[in-house]
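If you look up Swiss-Prot, you'll see His32, Glu80, His89, Cys92, Cys95, Glu100 marked as Zn(2+) binding site, on the strength of similarity to another entry. Annotated Fe cation binding site per Swiss-Prot: His86, Asp88, Glu107, His124, in sequence order, evidence recorded as similarity to another entry. If you look up Swiss-Prot, you'll see 1-83 marked as region 'DNA-binding'. Per Swiss-Prot, the feature region 'Dimerization' maps to 84-136.
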Amino acid sequence: MEESQQLKDAGLKITLPRIKVLQILEQSRNHHLSAEAVYKALLESGEDVGLATVYRVLTQFEAAGLVSRHNFEGGHSVFELSQGEHHDHLVCVKCGRVEEFVDEIIEQRQKAIAERAHFKMTDHALNIYGICPQCQ
């Protein structure tokens, strides 16, 4: 079972709630899920896992490096599996939809700006807020 190995590799004990939450994150077409969305998906699949447990598991996953937490406009947190590849986000301010993108020109400019300021960049995040085509 792949989920079990991922949990072991992250130093986490294998529990049914952890496996189920990890499966929801892996199977979701939407790569950015709130704790509430994970909870709803668990309920829809007939799993008896409480919302507090979902929050706790997601926090443990974040600490173990399995997921990244993003706090977008509006103050809600969403989680995505850590894929190891950097990307930035387009965020719809009306519906909350999040779209990932990679732009090498933007990446190069950010590095150049940091170097020009003699700043050792360790990480960065770019979130562009606007209105998606479906909400326009």
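The backbone N, Cα and C atoms fix where each Cβ goes, glycine too.
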His32, Glu80, Cys95, Glu100 screened against Asp88 (Fe cation binding site), Cα within 10 Å - retained binding-site residues: Glu100
Separation of alpha carbons, His89 (Zn(2+) binding site) and Glu107 (Fe cation binding site) (Å): 13
Env. residues of Fe cation site, Cβ within 8 Å of mean position of His86, Asp88, Glu107, His124 Cβ: His87, Val102, Ile106, Gln110, Ala125, Leu126
Fewest other Cβ within 10 angstroms of its own Cβ, chosen from the binding-site residues Cys92, Cys95: Cys95
The region 'Dimerization' (84-136) - residue tally per DSSP class, helix then strand then coil: 13 helix, 13 strand, 27 coil
Distance from His32 (Zn(2+) binding site) back to His124 (Fe cation binding site), taken between C-alpha atoms, in Å: 18
Sparsest-packed of the listed binding-site residues (His89, His124) - C-beta count within 10 angstroms: His124
Distance from His86 (Fe cation binding site) back to Glu80 (Zn(2+) binding site), taken between C-alpha atoms, in Å: 12
Inter-residue C-alpha distance, His86 (Fe cation binding site) and Glu100 (Zn(2+) binding site) (nearest angstrom): 10
